[in-house]
Amino acid sequence: MYLKIVILVTFPLVCFTQDDTPLSKPMAIDYQAEFAWDLYKKLQLGFTQNLAIAPYSLRKIFVCLQQLTVSTNPASAALSEQLKNVLKFNPKGKLPDLVRRRYSSQRAMLERENSFNTTTLAAVIGREKKTNSFWDLPNSCAIFVGSLRPGSPKQMSRRFNAAMRNISKSGMQNFLSTSDIDRDLDFLIADSWIFKGLWSYQFEEQHTTTCNFYTNSTSKGLMRFMYLQEYLKYGYFSEWNVEAVELPLHHGSSFSCMLMMPVKADIGVLIKSLNHRRFKDIYSKMSFSKTDVRLPQFTLRIKFSAKSILQQFGFNAAFNESVFHVFDNKNAVPLGDVIQKVKLVMDHDGEQSAKMYVDRRMGNLFIAHQPFIFVIFEKTQLVPIIVGHMVTASTPKDIGPESDEISCDRPPRYQ
């Protein structure tokens, strides 16, 4: 047995004292949500391809890793300062327990949600005895933990991948490559997110079309477009340069999906304008109306190194300083990396059939044949869980001929 994994069936996520009490008023700024938008906006500047990221999870991981630090370690002060400035979490402020409690509540929602398969595994490389704080991560943070025997990158990645495959119930295959791990690493985290939405309404497969997705006036590619007509939350706001529609998930879900497209200019202008306040404003002003949706059928698979991303924003203490106490009777170590993989599937599957209308031409149109943003969010406080965009066509190998122009809803004509 090369990788010792601690797996608990249930997760009492955070331990609180009896003195922990919620705020009497909601927070003026939702820092959890703002970090999600900030990270997405900064990341997309250098990311010209299709994108999906779970910023929610990256922040949660580092909030949880606070328990592996000790105040007497000088490096802890640098980490705390960067948590406050970059990840917008102040471990010395008045609200750390409230923040952790909120993560606990959201994690419980995710555990009940069958549209998500999410797994986080923290592995320490070495034979030395591990600290109790490290072994407690499953209880305190719902992070699986493992002890990985040193070996070649090929050996270690194979053992690590076997553990990820096991705890994700075969959802995540071949998570690490040999280039993700080396003999010098002491501490590594893998973060896997798979979203395959079970919608409230089934897309009508008989009305699937083959149409062009237009990146710009010179770049396009054929994709299969799904079709749905139903009463949905929809909004068109020229003052905010956005057209939006909500695709609700199945009955009882705590999560939903929002699609947004620019009504003028390009998608970069829309992305730069987004923050949590704007997202809430858009959502609050949307209204239910008969809406036709055409959405590309696609699967995105995106892999990130959190180290390379976060260091660009000034968050480097976790990776450069010996700050995490994972070995007993040994000095602290830096975190090698957090490797995040996101798989997002947009497909037909729905809980119920859409209503049949006599006149199918009436109603709003949301035709996603140009770059658009998608947000998978928690419905109570509108916190983004996964956010990203589709900007280039992903043409299936077995794509058929293009449908006629009317079936493709008269796609955009760029000037």
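Backbone N, Cα and C define each Cβ position, glycine as well.
Since we're looking at a predicted model, the values are computed, not measured.
Residues or ranges marked as signal peptide in Swiss-Prot (evidence: sequence analysis): 1-17. The annotation N-linked glycosylation site is assigned in Swiss-Prot to N117, N166, N216, N320.
Note: the CA-CA distance between N320 (N-linked glycosylation site) and N216 (N-linked glycosylation site) rounds to 41 Å. The secondary structure of N320 (N-linked glycosylation site), as reduced to three states from DSSP, is helical.
According to DSSP, N166 (N-linked glycosylation site) is assigned to a helical segment. A count of other CB atoms within 10 A of each Cβ picks out N166 as the most crowded of the glycosylation sites N166, N216.
Remark: of the glycosylation sites N117, N320, the most isolated position is N320 (fewest other Cβ atoms within 10 Å of its Cβ). In the three-state DSSP assignment, the secondary structure recorded for N117 (N-linked glycosylation site) is strand.
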